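According to Swiss-Prot, the Cu cation A1 binding site annotation covers His185, Cys220, Cys224, Met231, on the basis of similarity to another entry. According to Swiss-Prot, the feature Cu cation A2 binding site maps to Cys220, Glu222, Cys224, His228. Annotation source Swiss-Prot lists Mg(2+) binding site at Glu222. The topological domain 'Mitochondrial intermembrane' feature in Swiss-Prot is assigned to 1-27, 108-250; the stated evidence is experimental evidence. Look at Swiss-Prot and you will find 62-77 tagged as topological domain 'Mitochondrial matrix', backed by experimental evidence. As annotated by Swiss-Prot, transmembrane segment applies to 28-61, 78-107, with the evidence given as experimental evidence.
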Amino acid sequence: MGLLFNNLIMNFDAPSPWGIYFQDSATPQMEGLVELHDNIMYYLVVILFGVGWILLSIIRNYISTKSPISHKYLNHGTLIELIWTITPAVILILIAFPSFKLLYLMDEVSDPSMSVLAEGHQWYWSYQYPDFLDSNDEFIEFDSYIVPESDLEEGALRMLEVDNRVILPELTHVRFIITAGDVIHSFAVPSLGVKCDAYPGRLNQVSVFINREGVFYGQCSEICGILHSSMPIVIESVSLEKFLTWLEEQ
């Protein structure tokens, strides 16, 4: 139960029943996405109440007036036409510029400290650390399969646990190089603000900077076959000392 408490109560880094909001952010790009969502939601709420007030006012005036068609000879109103043309344009600009800025910032991959190659297969992920060698002087690499429900430990998350986690150091610029070996997959970890399609024969890349320790869960987000739901992703962020110890054990 300790694992479940740490993952779901202290930090919401995994899907939870009846969840209605984002998982807790662990990277600057995810914090930016949450802030953008909240700002856009503010505009949407204002629009909702504004349009609702106008609609209710029209209905009330229509019901209370003696002549239901008292404005049948009104052809146009220049002022109101300007208002309903300019106001949406201004709102769209206020939404567009922050989203464009965030989009370009998320697309930048500058001077990463290390790289991880993630390759999607039917139906598992394989990972490679091209910057580090194991005891056989080969790149550190491994496959990551879902843990069957019959093998889950108490407190583990169903359909989300894997046999081999991706271990990364916190406070480090990491570049994920993402591809696929058969069909199209998608590498998605909500707490990290990462969602990148994996195409056979093509390399995509995303940058992450994990600002705290934790275990972050994701899944393949592109329908890729009958066991599409059996491709979880688990990334564990640890201190630099623990990461170096893990490297020595490989």
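Just so you know, glycine gets a Cβ as well, placed from its N, Cα and C.
Note that the structure is a prediction, hence the values are computed from the model and not measured.
Counting only same-chain residues at least 6 apart in sequence, those with a Cβ under 8 Å from the Cβ of Cys224 (Cu cation A1 binding site) are Gly120, Gln122, Trp123, Val183, Ile184, His185, Met231. For the topological domain 'Mitochondrial matrix' (62-77), the predicted model reports an average pLDDT of 64. Remark: secondary structure over the topological domain 'Mitochondrial intermembrane' (108-250) totals 19 helix, 69 strand, 55 coil, with classes taken from DSSP.
Minimal Cβ crowding within 10 Å, among the binding-site residues His185, Cys220, Glu222, Met231, is found at Glu222. Every protein chain considered, the tally of other Cβ atoms within 10 Å of the Cβ of His228 (Cu cation A2 binding site) stands at 17.
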